[in-house]
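What follows is one structure encoded as structure tokens, with my remarks underneath.
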Amino acid sequence: MADDMERIFKRFDTNGDGKISLSELTDALRTLGSTSADEVQRMMAEIDTDGDGFIDFNEFISFCNANPGLMKDVAKVF
């Protein structure tokens, strides 16, 4: 599962800067299906625990560990 999380993080982090921006999260979630701007904002607020406007790898791992069922579904797509 750790390899899957790293692979998914890198797919979401399209510019390779080591963090996922709001626009990168939006693009990734669109791949998974229709997601409203409000849903993306809520998800970003939930995952971005330090409030810097980006999801770093540690925040991503924490979210994955708290939502294993969701991450299994995401791993199938990415």
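Just so you know, glycine gets a Cβ as well, placed from its N, Cα and C.
Features reported for this protein in Swiss-Prot:
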DOMAIN    1-35  domain 'EF-hand 1'
BINDING   D13, N15, D17, K19, E24  Ca(2+) 1 binding site
DOMAIN    35-70  domain 'EF-hand 2'
BINDING   D48, D50, D52, E59  Ca(2+) 2 binding site
By the 10 Å Cβ-neighbour count, the most surrounded of the binding-site residues D13, D17, E24, D50, D52 is D13
D50 (Ca(2+) 2 binding site) to N15 (Ca(2+) 1 binding site), Cα to Cα, whole Å, comes out at 21
Other C-beta atoms within 10 angstroms of the C-beta of N15 (Ca(2+) 1 binding site) total 10
For the domain 'EF-hand 2' (35-70), the DSSP helix/strand/coil residue counts are 24 helix, 2 strand, 10 coil
Averaged over the domain 'EF-hand 2' (35-70), the pLDDT of the predicted model comes to 92
